[in-house]
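**Q** Handing you this structure, nothing more for now.
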Amino acid sequence: MLTAGIPTAPPRAPSLAAFAAGLAALTAVLALAWLALASPAPPAQAAAPALKHMLRHVAVLAAAPRPIATPANAQARDYILGQLRGMGLAPQVQKTTVQKSTIQYWGGTHVTLGVVHNIVARLPGSAPDRARRPALLLATHYDTGNATLGAARGAAQVAALLETARALRTGAPHANDIVLLFADGESVGALGAKGFAEQHPLATRVGLALKFDGAGSAGAQLLVDAAGADGAVLQGWTGATGSSLAARLYKLLPDTPRIGPLGTLDAPALLFVNSEQRFERAGTLDTPARLDPAMLAQLGAGMLQLARHFGDAPLARGAHAAHAWFHLPVLGLVQHPAILSWGLAALAGLLLVRAYRNALQEADTTVAPLVQGFFGMAVILLATRMVLWERREELGALARAAGAEPALAFAAAGACLFVGALYLLRWVAGAVAVFLGAMAWLGAALVLVLVISPDAAWLLAWPLAVSLAAFTLLQSPRAAFLRLPLLALALAVVLLLFLPALRDSWTALAPDGLYLPAAVIAVLLGCFASLLLLLPVGRPAGAALALVFAAQAALPVRATAPLPQELPALEPNRLVYFKDMNSWRSYWLLPPQPLDAWSKQLFPNLARPAIHVDVFGWHSPRQWYAIAPREDRIAFPEAFLLKNPALGKAGTRQVEFTLRSKNRAPHVELWAGGTKPLRSTVNGRVLTSKETRWSLSLYGMEDQLLRFTIDAKADELLAVVVEERIPSLPTHLLPPGAPNWMPGTGMTISSDVLRFY
């Protein structure tokens, strides 16, 4: 057994002062751990009149979904313009065409082309040199998806920004110009923000962008992204919670807001999001009735505070190197350049090498204990991984449980087993060997995190460096009586950083089934428990672990009841009226779901969802379908073939056709089948320039004539499917007594297939 590096006290009783210092250190560790897990103080509330106005804005804006290019979207835009003009501002509508290309998971290229209508207003600054000073940008979006009212994601941020503008307009002057951006097209790829960043003249004057969005109906504002921000920018907001690690983890969630194109402004950009009481990806739960007024009040107060602070602060264009940030009790926000974690990793590496060298020098005749400690830790980690894999279904149930007690009991039992395994390994290899083995594996994990995400490496870098520094100090005989305070300091740093990270990763990600990050953080925290091995309390510690594990096993196990499924007050209407040019028929379509009495009138001949091969093909999904009456006022896509000549390059041809929507459909979807287009354009704009699976989304084209060219292989069939998608239904064709659906839902699709031989 290797005990080198742990000096023992001289053979005399420790003084009362040393005992008191140790007791005080342990008390401080427990107190700091409690503070780290304590909920933050409730944020300051906005004034009652401002909250009343914000609630009214939300009620008006969230009366119906507001998809891009729809009448409801235009009504929301007119309302915002009216409010801004009523304050004495002169807002402008930036109408511009924006293109975005994305590589899909299976390798195809999807192009989005849309006409957006951004609302841009400017609050002039009071500084004499304001024309030369960079401006502050406050940004949000006012559009939604097709099946959500967008109360907490869109309407709440617009309401807060309107009242912030009103307060800034009537309050004390601010030195910098403040630009307000109400972006369009956020739900279809942040087209509005992209159009502003790339095409608006004010974009080149922005010195700091603050974007506000929502992922839930309640909760405080979290700083979830800080693109290009330095310490001065991060210190400007003292009320936000979160960390750079949490920001990385939040990006794992489906449909989490992103900083998006605002991160390309050559200026720092911060993204603030509230995420409690999350709604599902479609957002059907995002209703005004579900919106927490306290969240709205805090959003308004925080937005105004940020606007006033940065409205007077000196801003500078240009992005900075990545920074890490996190919160500590009493100290508040702590931030530093992410590259500092590399320095801490280097320091930890040097201390670890020194510790191994000293241990080798003090070993008698063998290095077996050090080898046993290193590979023994590997065995413990591998066994932990296997246990977690075997218990993955239980972990999933705990993640979906209504309460936290079952998860805490599972964590307590797992911690006892893990620390017990460390003590068993200590009995074989010695405390120093096990501790150094744990630190070595933590160092390897730190290097991996530094390579993948340096702004999140602080979670490992600081505890690892402090733990190894404490161990190095303990190797001095003079530090024998400081063993407990030094180890308490190291444990305090570990707990202060790891406990909030563990709590946040579990509460934020586990309900969506993403419990792996929390499990990894818990295992890393368990490795730092090797600090306890350096205390000469093996037998008491073993007895305590056995007692805790036995108590946990003896307690009655409460069933892990899943969270009750929350249903929206108004379900979106998922019914589709599909008018097909090829079959010259119309159909009612509905995704697989139980039919109510009213829906059964539409699908009387189907006992279950089926595949309609004749219209949709063998690979189409199962769905409810039935022939519907034809509505001739809904036009088919108007398409004309212009050319289909062979090109100079052997074996290729260029198809040229025009397309126009007589229905002025807000959304037109196209995709190619039969062959992969080699190149494509619309009205002279290049869409794709290499061979790829091809699809295209058009928004806001109204009845504009679109001239397409597609280069393809001459000997292969090219088929282009065209679907005009209109949010509404021909209600006069429906049977009476329809349920009360979410306003503005239901879809009409007019389809055609263009075949080029």
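Residue positions begin at 1 at the first shown residue.
Note that Cβ sites are derived from N, Cα and C of the backbone, with glycine treated the same way.
Computed from a predicted structure; not experimentally measured.
Taken from TrEMBL, the feature domain 'Peptidase M28' applies to 118-246. What TrEMBL lists as transmembrane segment is 339-356, 368-387, 407-425, 432-451, 457-474, 481-502, 514-535.
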**Q** Treating G and I as helix alongside H, and B as strand alongside E, what does DSSP give for the domain 'Peptidase M28' (118-246) in helix, strand and coil?
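**A** Final tally across the stretch: 44 helix, 38 strand, 47 coil.
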**Q** Of the listed stretches 339-356, 368-387, 407-425, 457-474, which one has the most C-beta pairs under 8 A with the transmembrane segment (514-535)?
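**A** Ranking 339-356, 368-387, 407-425, 457-474 by Cβ pairs under 8 Å to the transmembrane segment (514-535) puts 407-425 first.
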**Q** Do the transmembrane segment (407-425) and the transmembrane segment (457-474) share at least 3 Cβ pairs under 8 Å, sequence separation 6 or more?
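**A** Result for the transmembrane segment (407-425) with the transmembrane segment (457-474) is no.
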**Q** Residues sitting near the transmembrane segment (457-474): Cβ under 8 Å, six or more positions beyond its termini, same chain?
**A** 5-7, 244-245, 324, 326, 336, 338, 340-341, 344-345, 347-348, 351-352, 354-355, 435, 439, 442-443, 445-446, 449-450, 482-483, 486-487, 489-490, 493-494, 497-498, 501, 521, 524, 528, 531, 534
**Q** Could you give the residue numbers and ranges of same-chain residues that sit at least 6 residues beyond the transmembrane segment (339-356) on either side and whose C-beta is under 8 angstroms from one of its C-beta atoms?
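**A** Answer is 5, 321-322, 324, 370, 432, 436, 439-440, 443, 446-447, 450, 454, 457-458, 461-462, 464-465, 468-469, 471-472, 475.
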**Q** Taking only the residues in the domain 'Peptidase M28' (118-246), give me the average pLDDT of this model.
**A** 92
